[in-house]
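J.: The structure under discussion is supplied below as structure tokens; questions concerning it will follow.
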Amino acid sequence: MPEEQNTETATISALTIVDSSRISTFIISILLIVYGSFRSLNIEREREKEKDEKEKEKFGLNLPSSSNTDAESQLQTLDTCQAMFLPVGASISLLIMFLFFDSLQVVFAIFTAILATVAFAFLLLPMCQYFVQPCSSGQKVSFGVCGRFTAAEIISFCLSFTIVCVWILTGHWLLMDALGMGLCVAFIALVRLPSLKVSTLLLVGLLVYDVFWVFFSSYIFSTNVMVKVATRPADNPVGLFAKKLHLTGLVRDAPKLSLPAKLVFPSSQNSSHFNMLGLGDIVMPGLLLCFVLRYDTYKKSQTCSAETGVPPPPNYVQRLSYFHCSLIGYFLGLLTATVSSEVFKAAQPALLYLVPFTLLPLLTMAYLKGDLRRMWHEPFMVVPTPKHMEV
């Protein structure tokens, strides 16, 4: 009998791991990282293209140098100090949300709605550009102090605003996931890590942050702060305003809002149970994968240029890209985190598994390829052509 019970328990655990909600989490998180990384690479290429065009204009028309391009102004590059203090800032923000959530929950909901509107508009923009391109000249329309926007940007913003409004009125988990996906893609695409050194400092710091607030916060605050904040619903701003206006029916119908700081998927075995993955567990490793994708592309362009004279890769390690290596590591780390949560029947800090599985293989591979020193300090520095190679 005990052996049968153990076998039955193991079968149930295996079925839980391969539950549709777990599979959805795996697929969506990997797709978001891949899409966000290639979106960032596309922005980088547009920036370089605009830079070359402006250089040609300067030489052709003898114009004075101008400010950075629009594509460049969209990007935010983290430096060493920002990477070191980001976990501290995240801890302070988490603590504020934990201690003052009841007083500031409406502020959190409104701020999140505004941020989600902009991020989801960014996610929808390529689709809108694709449909609008045949019937639009691409000229920007001025909105005064708000700036100038193309027709595709206006349409994407209107669609995003509509979806956010429907989410506020219904509180549906699917719309919350959609907004969370927009936040992931926007963060991965618009925030850059300049080197492996900054990447390591950021991810190790966030690993410590994640482990502390999941495993040790209960010893100080008598509850798991991370899980408490992530699963705590906020009062609906519509319900609050309706209450002030004495609209009792609208107050009763306004649902509480689960803020889009996570992706949730209902279990196929129990529809009332949701599996959850924090956006930080997608975004932070995603920033590392975005960095290595940019480096792979840069290194490939350097290798393909006639000036370098680099021979083709001699073995499999040299041919394997850093992006593929890190993506496989992310998958294995997420799988390990999932198994651990089922084994221990408790919330696990996903970065405890994701960071080693993505960072350590990357560091090892960079060392074997001889790129570690360059990736650690100045990975995108243009190496000048030696004098004896100049024609």
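Note: Cβ is positioned from N, Cα and C throughout, glycine not excepted.
Just so you know, TrEMBL annotations never went through curation; they're auto-generated.
Residues annotated as transmembrane segment in TrEMBL: 23-41, 83-101, 107-128, 149-169, 175-193, 200-221, 274-293, 322-344, 350-368.
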J.: With CB pairs under 8 Å as the measure, which of the listed stretches 83-101, 107-128, 322-344, 350-368 comes out on top against the transmembrane segment (23-41)?
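T.: Ranking 83-101, 107-128, 322-344, 350-368 by Cβ pairs under 8 Å to the transmembrane segment (23-41) puts 322-344 first.
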J.: Below 8 angstroms Cβ to Cβ, which residues of this chain, lying six or more residues outside the transmembrane segment (322-344), approach it?
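T.: Non-local partners: 13, 16-17, 22, 25-26, 29-30, 33-34, 37, 281, 285, 288-289, 292-293, 295-296, 350, 352-362, 365-366.
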J.: Determine which residues of the chain contact the transmembrane segment (149-169) at the Cβ level, with the cut-off under 8 Å and only residues 6 or more beyond its ends counted.
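T.: Sequence-remote neighbours of the transmembrane segment (149-169) are 113, 116-118, 120-125, 127-129, 132-133, 136, 138-141, 143, 175-176, 178-179, 182, 236-238, 254, 257.
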J.: Out of 83-101, 200-221, 274-293, 350-368, which stretch touches the transmembrane segment (175-193) the most, going by CB pairs under 8 Å?
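T.: Out of the listed stretches, 274-293 contacts the transmembrane segment (175-193) most.
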J.: Please check if the transmembrane segment (83-101) comes into contact with the transmembrane segment (200-221), where contact means 3 or more CB pairs closer than 8 Å and the residues in each pair are separated by 6 or more positions.
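T.: Touching, yes - the transmembrane segment (83-101) and the transmembrane segment (200-221) meet the threshold of 3 or more Cβ pairs under 8 Å.
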J.: Hey, which bits of the same chain come close to the transmembrane segment (350-368), Cβ under 8 Å, at least six residues off its ends?
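T.: Long-range Cβ neighbours of the transmembrane segment (350-368): 196, 199-200, 203-204, 206-207, 209-211, 277-278, 280-281, 284-285, 288-289, 292, 317, 320, 322, 325-326, 328-330, 332-334, 336-337, 340, 375.
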J.: Quickly jot the same-chain residues contacting the transmembrane segment (200-221) by Cβ under 8 Å, restricted to those at least six beyond its ends, or write none.
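T.: Residues packing against the transmembrane segment (200-221) from afar: 78, 80, 83-84, 86-87, 90-91, 94, 98, 193, 227, 280, 284-285, 287-288, 347-352, 355, 358-359, 363.
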